[in-house]
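J.: The 3',5'-cyclic AMP 1 binding site annotation in TrEMBL covers Glu280, Arg289. According to TrEMBL, the feature 3',5'-cyclic AMP 2 binding site maps to Glu402, Arg411. Feature annotation from TrEMBL assigns compositional bias 'Low complexity' to 75-95. Taken from TrEMBL, the feature compositional bias 'Polar residues' applies to 96-105. Per TrEMBL, the feature domain 'Cyclic nucleotide-binding' maps to 210-330, 333-452. The region 'Disordered' annotation in TrEMBL covers 75-165.
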Amino acid sequence: MDLTTSNLANVVRIPQREEQYLKATGIDQLLSNLVSQLYIHKPEDAINFMINYLQHTKLERNSVSFSGASSSSSSFSSSFSSSTSSPVGSSSTVTTLQVNGSPQSAGGEDEGNGAVEMEQDKKGNGNHLDQSGEYGREDMQVTSPDGGPVDIDPTLSGNRSLQRRRMAISSEPVDLSGFDADMPGNGVPNTPKSPETLQALEEALRTNVLFAHLEEDERRQVFDAMVEVKFNANDIIIQQGDEGDNFYVVESGECEIWIAKEGQPPQRVSVVREGGSFGELALIYGTQRAATVKAATDVTLWAIDRVTYRRILMGATIKKRKMYEGFLEKVPILAPLNHWERLTVADALEPEVYHDGEVIIRQGERGDSFFIIVDGETKVSQVNEQGEVEVARLYPSSYFGEIALLTDRPRAATVTAIGNVKVVKMDRDRFNRVMGPCEEILRRNMEIYNQYISTKI
Ligand SMILES: Nc1ncnc2c1ncn2[C@@H]1O[C@@H]2COP(=O)(O)O[C@H]2[C@H]1O
């Protein structure tokens with residue numbers, strides 16, 4: 001669905017001079033995006049939809065000024081193949097829609113304080129990927145959120161690095177009076193869903209904790225904005241180096257993440273399965289896509305446009321990642337995970353606090369959660385012929401609860417809080433989804449337990 005002027009020209013015979021004009025002004029890309037949006041949403045009131053779309057684009061453009069790059073720089077289509085173009089999302093700008101002090105600002109993190117990536121960078125510990133595919137910040141300079149331009153030079157890897165360019169993003173607040181982001185068609189997709197589709201959505205999002213704590217209203221807005229998209233095995237869903245348009249949640253199938261470093265063949269770094277998600281980094285940090293995402297099988301995804309992602313989902317993700325990132329680096333069992341995979345563990349965690357003497361899991365019961373101790377101490381005990389016997393003590397960074405999940409047997413032991421204990425937990429689906437690369441070690445360690453604890457219960 002890549003309607004660039006060159007193919008537009010073939011169809012409607014646009015004279016060369018006019019074609020140049022369309023290109024130079026970015027109208028070609030805008031039209032292409034607009035037509036894409038019409039194809040995707042098929043709105044009943046197409047004219048109103050287009051008006052809203054154009055108004056929204058105008059607002060976005062007002063908030064962004066590129067140096068050295070025209071606003072036509074964004075492309076719907078991946079450079080791999082036109083059949084694998086990103087199907088949703090239309091922004092002709094990569095950067096943030098900033099809404100100062102408004103509930104439409106990006107999540108809870110940055111209220112009244114400009115965009116989140118600026119806030120992150122001020123602290124010097126933002127997360128974005130460097131050429132090694134790991135997170136760093138060396139080349140991203142963001143100045144005051146309430147001051148002058150924000151200068152970002154996103155480090156790229158792979159072939160797109162040749163096209164690296166500097167973007168100056170104005171941090172001027174945007175006047176959004178009169179812009180109701182909730183209004184259907186306001187640049188944000190709004191696709192009515194059948195009850196069956198809503199059911200499928202609920203199911204797909206059940207294992208993704210990101211959606212679990214949304215207010216009813218936010219949930220509705222996210223559901224309204226979601227668009228189902230399908231790819232065939234080997235299609236490119238996201239191309240490293242491209243600009244970010246959508247965030248994706250996997251409904252079915254498997255996607256591979258590939259990273260190309262300069263002068264080296266691309267490396268497969270992760271696999272994302274049902275319930276997992278990807279494509280958040282470019283939307284959060286305004287950087288170009290840090291990796292290529294390829295359909296390993298036929299896949300069905302739910303796409304969420306950039307504006308909705310930033311407005312409703314981004315804040316919680318940033319908050320959680322910031323909260324647990326440092327801690328998870330030190331949890332030995334997570335060592336096999338790469339940095340991004342550890343962040344997805346952070347996404348999947350739910351905190352809980354137990355008080356002295358409280359039983360966290362009980363021997364013989366069915367187990368549905370895996371725990372990591374954040375703070376405090378627990379006692380592990382088993383009942384055998386001699387009665388209850390303490391078999392271990394666990395401290396921060398230790399984990400428990402995995403045996404029942406790995407073996408589908410009842411809890412092998414009771415774990416009790418000694419004093420106040422803070423834990424983070426994830427349920428069975430999330431455990432299966434994000435702990436895959438750790439499974440071998442978890443199983444090996446489980447065998448070691450056999451030396452002092454009966455796992456045969
Ligand atoms: N190791 C990794 N480095 C970078 N991105 C990754 C990695 N593993 C998975 N991804 C995902 O791949 C996505 C590519 O697009 P984004 O950069 O927007 O967001 C990226 C992440 O969601």
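Placement of Cβ uses the backbone N, Cα and C atoms for every residue, glycine included.
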J.: Of Arg289, Glu402, Arg411, listed as binding-site residues, which ones have a Cβ less than 6 Å away from ligand 1?
T.: Arg289
J.: Rounded to the nearest angstrom, how far is the Cα of Glu280 (3',5'-cyclic AMP 1 binding site) from the Cα of Glu402 (3',5'-cyclic AMP 2 binding site)?
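T.: Cα-Cα, rounded: 29 Å.
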J.: Around Glu280 (3',5'-cyclic AMP 1 binding site), how many other C-beta atoms are within 10 angstroms of its C-beta?
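T.: A 10 Å sphere around the Cβ of Glu280 (3',5'-cyclic AMP 1 binding site) contains 25 other Cβ atoms.
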J.: Within 10 Å of the Cβ of Glu402 (3',5'-cyclic AMP 2 binding site), how many other Cβ atoms are there?
T.: 22
J.: Sorry to bug you, but what's the C-alpha spacing from Arg289 (3',5'-cyclic AMP 1 binding site) to Arg411 (3',5'-cyclic AMP 2 binding site), rounded to the closest Å?
T.: 42
J.: Arg289, Arg411: which of these binding-site residues has the highest Cβ count within 10 Å of its own Cβ?
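T.: Going through Arg289, Arg411 one by one, the largest Cβ count within 10 Å is at Arg289.
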